Amino acid sequence: MPRFQQSAGRAGRTSTDGAAIGAGISPNDQVYFESYANTGIHEEMIKDRSRMDTYQQAIMRNAAYISGCAVLDVGCGTGILSIFCARAGARKVYAVDASGIAEHAERIVADNGFADVITVIRGKMEEVELPEKVNVIVSEWMGYVLLYESMLDSVIYARDRWLNPGGLMLPSVATLYINPVSDPELYENSIDFWQDVYGINMTSLIPSAKKSVLSEPAVGLVSVENVLSWPAVIKRIDCTSATKDDVSRVEAAFKVTSMMMAELHGFVLWFDVNFPIRSEGSADVNMVASAKQGQVEIETGTRSQDTGTLQGQNGSGKSDGMLTLSTGPEKQPTHWQQTILYIDEPVRVDQDDVIEGKVQLSRNAENERFIDVALDFRTGKVQGTKKFKMV
């Protein structure tokens, strides 16, 4: 069984549970929003304890700030984050979602006694009118390779249109990273396998197998033992000031040093997001399990832009105001997993060899919810170029 297990994707399912509404919704967006009407995709996300624990902590630890405020939940889904905000003392929560799941969210809100606090609005964020501006925006907008689905556009619109100056955004910062990786088991199980099948030479299938296995970005889990270097930062997004142009096309050079002798099989992309803590809230929330798992980090210093490692942490577990949710290979797995870009042929690298290149992520011309990826790399005398489409 290959190490990297493919996922159905956050928006990779169809649904008959109500179509999206709104005259300004394109056919591509119609399909996108309809996919989120399926309860299965929400089950996958809600069962992601790292995701849920971090958001709950971020909201509850900001309770002193949220209390008495108006909050906007962009892409509310089942309404669970809106309910967290209501529990934290929000005066009003506007829960917006263009999918049919909004109808279920309205019932969930009522069943939990928050109908007087939370107003569920079914519609595209860019078309919704609120009766007031808000002090807090919360949204779980991140997709594969951070930017897949382009939901951040709606958050940016909501911020510019509805957030009061100096308001709180959860999360506030997102960072995308890249590492070179080795994956000999993939080649052994899916490519070299064809050299001898029950004593039959099937090497003629190897080019087809490579096209099938290596041509598209793979969403799966990378073992930390297969990561060849410290991460390089591809993009840091300040959600309080980023524009749509800032995130519609991302391009960055990277340069890392191999920590071991191994075969280079590709590159892994992953991200983390940071949640500011404006003030310690009084709400009591039990996060012992996630703290033991080590996924919800309390960041007490700055993050190195070269390696992505934390600096300035003390050993007390106290925070100077930031929670981090990471999807990195060394962390507890999340439903995002990681995204791997495989190269066509393995490249032998030695310890301390330099691996450098450039990666570009841009909106697909036919569907801006999809991502086109261009990769250039070189190490020693070997260099390569490859293009991918993430659909």
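Positions of Cβ are set from backbone N, Cα and C atoms, glycine also.
TrEMBL entries are annotated by machine, without manual review.
What TrEMBL lists as compositional bias 'Polar residues' is 1-17 (among others).
Per TrEMBL, the feature region 'Disordered' maps to 1-22 (among others).
The feature domain 'Methyltransferase' is assigned by TrEMBL to 71-167.
Look at TrEMBL and you will find 174-278 (among others) tagged as domain 'Protein arginine N-methyltransferase'.
TrEMBL lists 299-333 (among others) with the feature region 'Disordered'.
Residues or ranges marked as compositional bias 'Polar residues' by TrEMBL: 301-317 (among others).
Using DSSP to sort the residues of the domain 'Protein arginine N-methyltransferase' (320-379) gives these counts of helix, strand and coil: 0 helix, 36 strand, 24 coil. For 320-379 (among others), the entry in TrEMBL reads domain 'Protein arginine N-methyltransferase'.
As annotated by TrEMBL, compositional bias 'Polar residues' applies to 324-333 (among others).
For the domain 'Protein arginine N-methyltransferase' (320-379), the model's average pLDDT works out to 93. With DSSP classes pooled into helix, strand and coil, the tally for the domain 'Methyltransferase' (71-167) is 33 helix, 28 strand, 36 coil.
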